[in-house]
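These features come from TrEMBL:
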- 169, 170, 171, 235: NADP(+) binding site (BINDING)
- 10-124: domain 'Tetrahydrofolate dehydrogenase/cyclohydrolase catalytic' (DOMAIN)
- 143-289: domain 'Tetrahydrofolate dehydrogenase/cyclohydrolase NAD(P)-binding' (DOMAIN)
Ligand SMILES: NC(=O)C1=CN([C@@H]2O[C@H](COP(=O)(O)OP(=O)(O)OC[C@H]3O[C@@H](n4cnc5c(N)ncnc54)[C@H](OP(=O)(O)O)[C@@H]3O)[C@@H](O)[C@H]2O)C=CC1
Ligand SMILES: Nc1nc(=O)c2c([nH]1)NC[C@@H]1CN(c3ccc(C(=O)N[C@@H](CCC(=O)O)C(=O)O)cc3)C=[N+]21
């Protein structure tokens, strides 16, 4: 049986469609009430994984009835100019959410940019005032990829309480938030990174293995426990045997599929859910803004009252 027909293949498409259908309903109500949602993406320079993400954001926002605009800046822009652009978007009442695509060029401190986004417009939950929410088990707006990866693990039906989970990669935007989300669910979590003595020794103990590193085929069959769930978050552009550019993950799916009980495809796994959650977070942000507006001005507001 080919993997694509196999139920062990954890496909993100159906999960993403469910989320987008619900976002679409919320967005239609908000628009009818005079509060259309609008997401602004900020891209600095050129990165293949960002191009894929932004292309899908645009397409799915249109499907969900959320406005979308990409602001592209050259790689030699200064941090000050970018901060000024972000402050302009913070002050614009038509803008619901702002996402700063990572990575940004090395001369720009990403943390300063993330902190410049108003916390009410922070649709990724990356502002220093937002990221703590997941530590406190307040999970309604979490970093999108982390939330998407956990959502996909839940599709296995595995009981997360006490589950042995290993995460390879500890970035602020993916690995670390996954660890917090899974701790909230009661899993036992180990986080590996480039200083970990033996990633393989940890990975082989995992009932669920999350990989977010950015290195094609880093995880091979001998690093996976038989029967494990493998969640591949990597999005890497490479040239395939046919000479065409293609997207691959961090897991050597060809070999791992014979050992794992569940595996996420790339493309078609975590990626589509990430986009859907970004749109859902935009609606959560809108709802919070409307609640704040009502609390300040006392204006009646149906969504905020819900
Ligand atoms: N599907 C999706 O929705 C998304 C996919 N991605 C993809 O996920 C991947 C990771 O992204 P991101 O977290 O932003 O990347 P970063 O480069 O920020 O982080 C990579 C992490 O991997 C660790 N690492 C590097 N080499 C090794 C190694 N040999 N063994 C173990 N750990 C290692 C690094 O550790 P250290 O810091 O210690 O060096 C770091 O924690 C990329 O391919 C990206 O495109 C990202 C976001 C969303
Ligand atoms: N601030 C920030 N947050 C991110 O979450 C972030 C980022 N920066 N920078 C780039 C990476 C990469 N990333 C992707 C998300 C979805 C797809 C996606 O939709 N993939 C589909 C489509 C693939 C295709 O169309 O070829 C799939 O995997 O099936 C891709 C890549 C988010 N990232």
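Cβ atoms are placed via backbone N, Cα and C, with glycine included.
A TrEMBL annotation is a machine prediction, not a hand-curated record.
Checked against ligand 2, the binding-site residues 169, 170, 171, 235 give 235 as the ones with a Cβ under 6 Å from it, listed in sequence order.
Classification of residue 170 (NADP(+) binding site) by DSSP places it in coil, neither helical nor stranded.
In this view, residue 235 (NADP(+) binding site) is surrounded by 23 other Cβ atoms within 10 Å of its Cβ, with every protein chain counted. Residue counts of the domain 'Tetrahydrofolate dehydrogenase/cyclohydrolase catalytic' (10-124) by helix, strand and coil are 60 helix, 19 strand, 36 coil (DSSP-based). Its Cβ placed at the centre, residue 170 (NADP(+) binding site) has 18 other Cβ atoms within 10 Å. In sequence order, 175, 192, 193, 210, 211, 212, 213, 214, 233 are the residues near residue 169 (NADP(+) binding site), counting only same-chain partners six or more apart with C-beta under 8 A. The Cβ of residue 171 (NADP(+) binding site) has 212 as same-chain neighbours under 8 Å, each 6 or more residues away in sequence.
Max Cα-Cα distance over the annotated NADP(+) binders (169, 170, 171, 235) is 16 Å.
Under DSSP, residue 235 (NADP(+) binding site) is assigned to coil, being neither helix nor strand in the three-state scheme.
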